[in-house]
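One structure below.
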């Protein structure tokens, strides 16, 4: 066996041994590990973090939703138009923004973070009944979705639940956090519909329900990310660089930072947690149907340097885990001789296959370009 084959065999053996424990990265930390195992170690070029010069300090836009869904319909036309302009500008230039005054109660935000942490920190045997990579199940728990396909594993564990359009029952979810997950998902569905309305108007579409009518807000997947303290945070990542498959992602950050967005394809910009705020980013599917007007940008999470775990609750408006033959392409109303289609039409299932098989550090959208 040549050296390359030997390395590959050794790596597969490491991955299988790790998977068989069903305790994830937290299990490694609990065992008292002092060094990051080879399967997690990233090369320096991947870990590099180019920051903008001091004269060019950036922060992602923050948008005040003036109370969220409950108050939006009663906003005066000037306030509403201002919100649409701000969200459209952020979607075109950043692909990322934060929303405040969004209408979701602060106690709900705190309880869902506490629930996700409680799930990951409960007795390992209780978690193991959810450990699976079978995404036909309503709820699964694992470490690294792409454990066996990525070049390197990342320093995090994940729980994942399908909350819409076919919501789980209380029996499908963990007792320690199921109730708050369902409550939070309902709040996020309402907020997501509002954001899709604003984005529809920002695109200049006559119907503010246009994106909702395309089922962009129909499916919701809730993730509970747990980033344990890392003994060597300069040797690995919490989540490697990527774009999201989704139409839209709404992220609740915990108290610890770590999320970074690649701005202008050159500078890594930190997105520190803001109490009560939610981070919103656009996914590949929204870039596709907006014909590139709105952008899906790369982002990552650096390894956790703190002594306590980092919690994150991203919710994806996406059908990626549920096969769909619905066709999506650039919205016809946006096209003209001056703005011809940049992408060909595709089905969700075809695009999901492209996303899963794309080369490292590339976008699946490249394979749809005309």
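Backbone N, Cα and C atoms are what each Cβ position is placed from, and that goes for glycine too.
Features reported for this protein in Swiss-Prot:
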DOMAIN    218-320  domain 'Fe2OG dioxygenase'
BINDING   242, 244, 299  Fe cation binding site
BINDING   310  2-oxoglutarate binding site
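Sequence features annotated in Swiss-Prot and their locations in the structure.
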residue : record                      : contacts (Cβ under 8 Å, 6+ apart)
242     : Fe cation binding site      : 298, 299, 300
244     : Fe cation binding site      : 281, 282, 283, 284, 296, 316, 318
310     : 2-oxoglutarate binding site : 225, 226, 227, 238, 254, 256, 258, 301, 304
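Of all the Cβ atoms in the protein chains shown, 24 others lie within 10 Å of the Cβ of residue 299 (Fe cation binding site).
Surrounding the centroid of the Cβ atoms of 242, 244, 299, where the record places Fe cation, the chain contributes additional residues within 8 Å, namely 239, 241, 243, 249, 281, 283, 296, 297, 298, 300. Mean per-residue pLDDT, taken over the domain 'Fe2OG dioxygenase' (218-320), amounts to 96.
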